[in-house]
Amino acid sequence: MASRVFFLSCLRAVGSYRSLSPRPRYPSMPKYPKGAKASVAADGGGDDSGATPQEEEEQEKKVALFSVLGMTCGACAGSVEKAIKRLPGIHDAAVDVLNARVQVIFYPAFVSEDTIRETIDDAGFEAALIKEEVKEKPTLICRLHIKGMTCTSCSSTIESALQAVAGVRKALVALATEEAEICYDPKLVSATQLTEVVKDTGFESILITTGEDTNRVELRVDEEVDGRSMSMVKNSLQALPGVEDVNIDPALHKVTVSYKSDQTGPRNFIEIIESTGSGRLRASLYPEGGGRELHKHKEIKQYYRSFLWSLVFTIPVFLTSMVFMYIPGIKHGLDKKVVNMLSIGELLRWILSTPVQFIIGRRFYTGAYKALRHGSANMDVLVALGTNAAYFYSFYSVLRAATSQNFKGTDFFETSSMLISFILLGKYLEILAKGKTSEAIAKLMDLAPEIATLLTYDNEGNVINEKEIDSRLIQKNDVIKVMPGGKVASDGFVIWGQSYVNESMITGESRPVGKRKGDTVIGGTVNENGVLHVQATHVGSESALSQIVRLVESAQMAKAPVQKFADRISKYFVPLVIVLAFFTWLAWFLAGKFSSYPKSWIPSSMDSFELALQFGISVMVIACPCALGLATPTAVMVGTGVGASQGVLIKGGQALESAHKVDCIVFDKTGTLTTGKPVVVSTRLLKHMLLRDFYEYVAAAEVNSEHPLAKAIVRYAKKFREEEENHVWPEAQDFISVTGHGVKATVGNKEIIVGNKSLMLDSGIRVPVAALEILAEAEEMAQTGIMVSLDGEVVGIITVSDPLKPNAQDVISLLKSMEVKSIMVTGDNWGTANAIAKEVGIDTVVAEAKPEQKAQKIKELQTSGLTVAMVGDGINDSPALVSADVGMAIGAGTDIAIEAADIVLMKSNLEDVITAIDLSRKTFSRIHMNYIWALGYNIMGIPIAAGVLFPSSRFRLPPWIAGAAMAASSVSVVCCSLLLKNYRRPKKLDTLQIREILVE
């Protein structure tokens, strides 16, 4: 249960939409001062009765940021956080160990910044106030959907234009997803201005999200909205507390509202709209599939329609030029002259091919113009040049034939029209295939149920009404009823009922998890048996599901370093092809002019100029920059999507590329190789005293520590007080936490020290031989011995064991078979570390290592030429996770560790380390295959199109066939990437899982 709560908090940290943890670490401590939230305490689950007190509350709050020196681990963070939260008037506090900062939200009427600073100082750390009212994010991440990109040249042009804007820190444009992700400073540039920049480059852009900490909802107004009603609707909505922005599109009857979910929600907006304009307006949620999905379907339909219309004109052109000319009766009719030497066949082909060239093929002209206007060249330029050369030469032939009585020429109208038709077919198939690469995101989004049952309570807390609503209308603090077999509609916590919930679709955990009052649930999971009443806490873009979708989307946006290879080629590819096409035409033309080849080589239907022109056009249209541009992003998209479905969240192409090279993995011990849930296995007393009294002292000291071993001891100590429901441990005075060693305190006039041997020796306490023997015995059994002293004398030793994770030994063995070296680095003592390493089969061990020493070990391994991955779960692992080539965080770990990692193992299973490496290897194998195909196609296709085989075999590639081959190359690359969807993790891992089930 706790692991999933941590996982949700980490996903929200990755999404960067909230600077504080989603729920306080110490629920027993009051978040609000007495009376500050009296009216909200009786909140009935979704009504707005507490709106006014809440608004006053927001006005009273202040935010202060402190720098804190001396924090080194999670225990330090826990001490600081706990000390602050004990103060009256503290709303919340978040501790950032890595950056040595603490952010506190407080009520100035009850506590001051100086008091908070002094409290941190009293906890044993040095604090200083940095600034107040930290409310604005320094940078935001904006996402745009971009229409009209055809190759990497287009995406590079847009990327360069965005990078040149003042205030833009970083811009990524992905051809495969047709999206841009821009990190920008909202003080210098707005998201609307960024949209305009993209439009200025000649591409259509649609704003997906501005990156601000708000939700957005699109509403449809069913009636015609005049200017006056529109103004009334906008003003009424803007007057609502929590509404950030309102945009109205009268043409689409659409109202877009940006709002803060903790103050208002979509049901309020619908109510406001319907109460405006004498109640004649009716509002509802805008149909799903809006935005980029709507444009994607529209684009598919446009290409399909264009292709069908091009066939209507192209098929007759093809028949009159290629088929009917061999049917005597029809040939005679087509050869009849209309004007001078102009035949009926030529006239028909000219009339039929003109709409294909200038109306249906208009998109290629506009695309070429936009590219050339910005000093770049793309696929559209090649298509426009090739088809224009064929069309206008044929048009010249028609004019000459119409004005001359003895001119005999050949037209190539079928070349231009068939070329455009085949390219449209290729683009249509390519867009269909690219849509399938993002199916993983679509499946994740489909997990959310469409309908939810909203409960209404009376003042006494009794349910008085049930109402089915669209799940997108759920607001914060609403209470939702979840029936057996139904899906949980939003993130929240259970306020009534108990059941088992299947969370496998989110966390990957196959076993249903028990839920009862107070437990958290995740939106999109399935309720197994009992009825649950769930109070919504995170809705819309704040939900865990939305955060996972956002993480996968960001991963698919990030470029792999290998993509730079294609980007470099694309800069020079089109100009080089144009030059090659020109010299191909020139070489063949001059060869024919000077009779360098026999006249018999020239087909009877054309002359040497026309033969040279056909070779030149074939070279121009067979070259395909699109296949190179799609080779990497499509494979990365499918790979990251497959990883998400397997419970492995990969943060982009960089992580994938590094992971496939990994030949050394560094494992943390606690929580990574072991379960991270230590238990007390034995207690040895060296002095005569009751075990109950012994643990009374120990628990009184350890209850103030956040260390996992301390929590295990406190849990065990409670067993001696089972007869008491809410036992209160004696107060510990002068409490000191010594990082990595233990704690000191004074309990009941007795000085108690709980920790390792080093702490005892540093405190001047003599360690008896019997105690040393017990410690050595514990270490040999992979257990941790904790010494306890009272008034300077060792009185007992507590032995704690952290069990190994299932299959840890098998995973290490499998890694060896994959030629990946395994190393364990831990802060635990050498004896326990060596025992654990021996049990799992790890030969190299580094023990008693501090966080910075773990990172240093990573750097040493990298210096020796190894590509290193680090697998960890705690705050103390984050420096090593950042230092490693690939950081893998256990999903149940801390949010700071997951923020620092490149790959998140959602199921917290060690087997997924192998899955991540194997998937990355398969993905990059596919990328290499894509590049071999794309480059091989161009390297072989261009010479063939240029007529290299013609002298020896008389084989030449007609331009329309070259165009079809070009279209097919892009489709084949995307389809090759789609084969990754059939990925199955190594079979050896399945046998491990079966063995685990049999053991259980």
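Each position is counted from 1, following the chain as shown.
In case you wondered, yes, glycine gets a Cβ from its N, Cα and C as well.
What TrEMBL says about this protein:
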- 26-57: region 'Disordered' (REGION)
- 62-128: domain 'HMA' (DOMAIN)
- 140-206: domain 'HMA' (DOMAIN)
- 215-281: domain 'HMA' (DOMAIN)
- 306-327: transmembrane segment (TRANSMEM)
- 347-365: transmembrane segment (TRANSMEM)
- 377-396: transmembrane segment (TRANSMEM)
- 416-433: transmembrane segment (TRANSMEM)
- 572-591: transmembrane segment (TRANSMEM)
- 611-631: transmembrane segment (TRANSMEM)
- 931-951: transmembrane segment (TRANSMEM)
- 957-980: transmembrane segment (TRANSMEM)
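With DSSP states grouped into helix (H, G, I), strand (E, B) and coil, the domain 'HMA' (140-206) comes out at 22 helix, 24 strand, 21 coil. Tallying C-beta pairs under 8 angstroms between the transmembrane segment (377-396) and each of 306-327, 416-433, 611-631, 931-951, 957-980 places 611-631 first. The average pLDDT computed over the domain 'HMA' (62-128) stands at 80. Only pairs six or more apart in sequence are counted, and the transmembrane segment (572-591) with the transmembrane segment (306-327) gives fewer than three Cβ pairs under 8 Å, not enough to call it a contact.
With a threshold of 8 Å between CB atoms, the same-chain residues lying at least 6 positions outside the transmembrane segment (347-365) that come near it are 306, 309-310, 313-314, 316-317, 320-321, 334, 338, 380, 383-384, 387-388, 391, 394-395, 398, 411, 413-414, 416-417, 420-421, 423-424. Mapped onto DSSP helix, strand and coil, the domain 'HMA' (215-281) counts 22 helix, 20 strand, 25 coil. With respect to Cβ pairs under 8 Å, the transmembrane segment (416-433) is most closely packed against 957-980, considering the stretches 611-631, 931-951, 957-980.
Remote same-chain partners of the transmembrane segment (931-951), defined as residues 6 or more beyond its termini with a Cβ less than 8 Å from a stretch Cβ, comprise 565-566, 577, 580, 584, 588, 597, 601, 615, 618-619, 622-624, 627-628, 631, 957, 962, 965, 969, 972-973, 976.
Secondary structure of the domain 'HMA' (62-128), assigned with DSSP and counted as helix (H, G, I), strand (E, B) and coil, comes to 22 helix, 24 strand, 21 coil.
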